[in-house]
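Features reported for this protein in TrEMBL:
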BINDING   B:D37, B:R38, B:T44, B:S45, B:A49, B:G50, B:L51, B:V164, B:G312, B:G313, B:F314, B:G315, B:I316, B:T317  FAD binding site
BINDING   B:Q53, B:H217  D-dopa binding site
BINDING   B:Y228, B:R283, B:G313  D-serine binding site
DOMAIN    B:2-329  domain 'FAD dependent oxidoreductase'
Amino acid sequence: MASPKVAVVGAGVIGLSTALCITETCPSCSVALLSDQFSPNTTSDVAAGMLIPHTYPDTPIHRQKQWFKETFTYLFAISNSAEASEAGIHLVSGWQVFKSTPKEALPFWSDIVLGFRAMSEAELLKFPQHQFGQAFTTLKCDCPPYLLWLEKRLKAAGAQMYTRKVADLWELHSEYNIVVNCAGMGAHQLVGDKQLFPVRGQVLKVHAPWVKQFIRDGDGLTYIYPGIHRVTLGGTREKGSWSLSPDAGTTKDIFDRCCSLEPSLQGAQDMEVKVGLRPSRQGVRVQREVLSQGGVELPVVHNYGHGAGGFSVHRGTAIEAAHLVEECISALQVSSSRAKL
Amino acid sequence: MRVAIIGAGVIGLSSALCIHEQFHGLVPSLELEVYADRFTPHTTSDGAAGLWQPYLSDHGNLQETLWNKETFDYLLRHMHSAAAKEMGLFLISGYNLFTEPVPDPSWKNIVLGFRNLTPKELELFPGYSYGWFNTALMLEGRSYLPWLTNRLTPRGVKFFHKKVESFQEVSGDGVDVVLNCSGMRSGDLQPDPQLQPGRGQIIKVLAPWVKHFIVTHNLKSGIYNSPYIIPGSEFTVLGGVNQHGNWSEENSAKDHKSVWDSCCQLLPTLQKAKIVDEWSGLRPARPSVRLERESIRLGNVQAEVIHNYGHGGFGITIHWGCAMAAARLFGNILQEKKQLATPPGARL
């Protein structure tokens with residue numbers, strides 16, 4: 001197979017980074033990215049893009065750690081380069097605070113982020129309702145800039161992008177040799193995965209440029225993440241809710257919770273309210289599958305179900321998915337050479 | 001009782017506020033007047049980035065370390081109030097970088113979370129092999145001075161836009177105490193060869209992706225003669241010039257290039273930052289802060305002067321501790337003049 005034609009479905013952070021990885025590992029591949037939505041209208045655009053991993057119950061920890069490490073290393077290099085501001089990648093320090101001592105003193109990612117340590121008594125005075133805390137420095141991917149930067153790199157690598165709603169992966173079998181499913185929440189419809197469910201998140205994006213540090217409540221529900229131009233205030237975790245409409249009562253609740261962690265937010269301006277559906281799953285699905293109908297086969301690589309942790313592991317799962325694409329290509333070459341015999 | 005304060009930078013305004021807060025209830029006739037030729041946004045305090053950070057060593061001057069601590073603690077208490085934003089006050093973390101190991105600074109236990117940098121963090125800064133990370137405060141002069149002014153005006157403090165040429169000029173005509181907070185120009189009022197300019201030049205850029213301060217140190221060149229990057233609430237300050245004895249307040253093309261090149265080398269992403277302004281200012285440098293009383297005979301009048309100047313590149317860092325010390329000296333004067341039956345704080 002001279003030039004395998006690969007279609008990547010989905011243009012959020014997973015689709016774009018997976019497509020980019022494929023162009024890197026398989027330069028002879030012809031890569032097309034298909035999506036009904038592009039930045040700034042993807043779920044990724046709503047997310048703050050903080051590199052603080054979510055723990056997936058059904059994925060082995062060593063694999064999650066590997067994904068996070070690869071993602072952190074990749075973004076660390078970009079943050080240190082002249083491209084950092086264009087890519088929207090920057091370092092940010094801050095605190096994760098707990099009302100009661102967490103079960104794990106050291107999360108699996110504590111040696112990957114920078115300078116991880118327990119907060120001092122003096123630091124905890126700022127959070128009278130919290131008993132324990134962790135201080136560290138991590139990375140943030142601001143969207144849309146990061147997604148636009150990925151799109152730019154993809155175009156430079158010769159990938160094509162098409163606005164197209166894919167209703168069924170099989171519809172691509174005649175145009176493409178391999179399909180990569182990065183449809184996020186869309187995979188629920190696209191492949192009928194009943195294990196995939198939305199966890200609705202509402203966030204506020206405000207102008208508060210004096211907020212330079214992140215603050216996250218260890219319960220994961222309340223957080224303040226300063227980005228390049230706006231600070232993301234969150235949030236909610238509504239399991240099973242499909243509603244993309246902002247809720248006014250929720251807005252007030254989020255704002256109040258964040259102001260109690262950081263009172264100066266009272267002076268924040270220009271609030272935008274956004275909603276995203278985290279494409280959640282007990283384990284991220286990075287897996288090969290072969291679809292077949294009437295004797296025709298279509299190799300598929302799935303890369304979806306990242307839930308609350310998409311940004312934290314995106315590069316790692318993209319690398320893994322790109323390896324699976326390579327395996328698919330090898331398998332196709334074997335079967336096509338068999339066909340020649 | 002009339003008090004004239006010469007100087008409307010952070011030292012003058014905070015001293016005035018501290019004195020008024022402590023004594024207006026005890027001395028009903030207390031009248032404060034601020035005289036200055038430059039008010040915000042044209043003072044040295046306005047040009048400074050506003051990072052709370054003393055010099056590396058206090059040279060055994062524990063008094064100054066205590067004043068620094070008093071200032072930090074005072075500001076930290078205000079962090080929880082809604083006034084913080086209006087004051088231009090916010091927490092910020094960042095890096096101090098060295099090419100060799102150095103002793104811990106006098107302020108390591110004043111700031112929050114002080115620690116050494118890890119090897120991975122040092123990878124961010126090629127050429128530097130040692131450093132510190134800590135959380136400190138920013139207090140932006142462009143917000144803080146108006147905030148102080150807005151606290152002083154309703155208290156009846158009067159402001160006069162004039163260049164004071166001598167202590168006589170203000171001390172005659174019924175003024176009982178003069179506070180000399182004239183910073184760099186104190187030498188015009190009373191010669192002080194120990195007071196010398198530490199000329200700085202800074203470039204203001206738009207780089208909102210920078211969330212940490214980065215201060216590098218070159219032990220041979222001296223403090224602030226090595227690049228530094230300090231992100232504020234609106235723009236980021238690039239600097240690294242501290243020329244002892246240079247009185248020029250004009251921007252120099254050579255210094256611009258040196259600051260720009262060295263900061264871009266430190267943080268390559270700054271190459272994309274848009275330059276919005278440039279400024280030169282004179283740090284009122286002195287071997288130690290002059291904070292003391294002096295009785296000056298002016299004609300047939302004995303004037304009480306409280307000197308509070310010479311804060312170099314740490315005026316914002318030390319201001320409140322000095323304001324309180326100046327207020328204590330003022331209290332002593334009041335007692336001596338029998339304006340106070342008992343010292344403040346001794347009443348039950």
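Any Cβ shown, glycine's included, is placed from N, Cα and C.
Same-chain residues that are not part of B:Y228, B:R283, B:G313 yet have a Cβ within 8 Å of the Cβ center of the D-serine site turn out to be B:A48, B:G198, B:G200, B:I223, B:Y224, B:G239, B:N242, B:G312, B:F314. For B:Q53 (D-dopa binding site), the Cβ neighbour count at a 10 Å cut-off comes to 26, with all displayed protein chains included. B:A49 (FAD binding site) sits 10 Å from B:Y228 (D-serine binding site), taking the C-alpha atoms as the reference points. In this structure, B:R283 (D-serine binding site) is part of a beta strand by DSSP. The secondary structure of B:L51 (FAD binding site), as reduced to three states from DSSP, is extended strand. On the backbone, the CA of B:L51 (FAD binding site) and the CA of B:H217 (D-dopa binding site) stand 16 Å apart. Counting only same-chain residues six or more apart in sequence, the Cβ atoms lying under 8 angstroms from the Cβ of B:Y228 (D-serine binding site) belong to B:F213, B:I214, B:V215, B:T216, B:V237, B:L238, B:G239, B:G240, B:C263. Taking CA atoms as the reference points, B:I316 (FAD binding site) and B:H217 (D-dopa binding site) are 20 Å apart.
Confidence over the domain 'FAD dependent oxidoreductase' (B:2-329), given as mean pLDDT on the 0 to 100 scale, stands at 96.
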